[in-house]
Amino acid sequence: MSTFTHLLAAAPVVLDGGLGTLLDARGHDVAGPLWSARVLREQPEAIEAAHDEFFEAGAMVATSASYQVSRDGFRRAGLSETEADTALDTSVRLARAAADRAGDGRVVAASVGPFGATRADGSEYHGAYGLTVDELAAWHRPRIEALWAAGPDVLAIETIPSLAEAEAIARALEGTGAVAWLSYTVAGGQTRAGESLGDAFAIADATPEIVATGVNCCAPIEVSVALRALRSRSDKPAVVYPNSGEEWDAKNRRWMGSPALPPELVDEWVHEGASAIGGCCRVGPEHIALIGDAVGRSRH
């Protein structure tokens, strides 16, 4: 049993929140195609401090700052493949240092973002890349191998928008020995590509390396529908970490509305079988503390 699956045995587990948006809130420059990877390269101590904040709020998992790191993405930014591989390793090392400081069985999840994140054009929210499953698998494999070699407890393969990219991930994981969770970004009770969530979770269920599956980077109201779809196709543990409930205004590049993560929703997700609960964009340490309180109440 891996460290992460052992942790899930004590479900529900509290995950961390949105690393990139926390860095932004703390005044760090995450603009540009590298997003939080820019801070990873230039101010690694800020990444560790962000991990520390989430652990202090009650998170049991630190998700590495590798979501936006890939050889392809670094080349587009004028950097080398070696620099990309170094950044992947550094992201896990920083998360591990924070987890070791926090103690109490904290674990490290190495973030594996979708192909679309490299383009920095929002295409991870529709998945129409114009690539075959084989091409996507070949793109993902080196990063998966590099991240797993860095020594995390689990790969957090997240914000996946389509069945095609999920199939590619499944192929890329074959023979790596990795332990992973696979999390989809969803809207309207479907993948972002407009496909069946049941079919999406069936891919995760059929992949031995994937030990848990679920949804992230979605509206909180999407979670319950996704959990029901998951339970119809898989018995694997469910991970859920939606956005805050605010909406991103791409035209004006700002967040609109107010956070909508009431404790009652967390209670509902626990009741519906969520094994790990956290947050994505705009979910900060203060929200993780509230999630932790709700999860704690569910254990009594």
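Glycine too: its Cβ is placed from the backbone N, Cα and C atoms.
Look at TrEMBL and you will find 1-295 tagged as domain 'Hcy-binding'.
Positions annotated as Zn(2+) binding site by TrEMBL: C217, C280, C281. Same-chain residues at least 6 positions away in sequence with a Cβ under 8 Å from that of C280 (Zn(2+) binding site) are, in sequence order, G17, G18, T159, N216, C217, C218, Y241, P242, N243. C280 (Zn(2+) binding site) carries neither a helix nor a strand DSSP state and counts as coil.
A 10 Å cutoff on Cβ-Cβ distances gives C281 (Zn(2+) binding site) a total of 22 other Cβ atoms nearby, all chains included. There are 26 other Cβ atoms within 10 Å of the Cβ belonging to C217 (Zn(2+) binding site). Those same-chain residues not listed among C217, C280, C281 yet with C-beta within 8 angstroms of the centroid of the Zn(2+) site C-beta atoms are G18, T21, T159, T185, N216, C218, Y241, P242, N243, G279, R282, V283.
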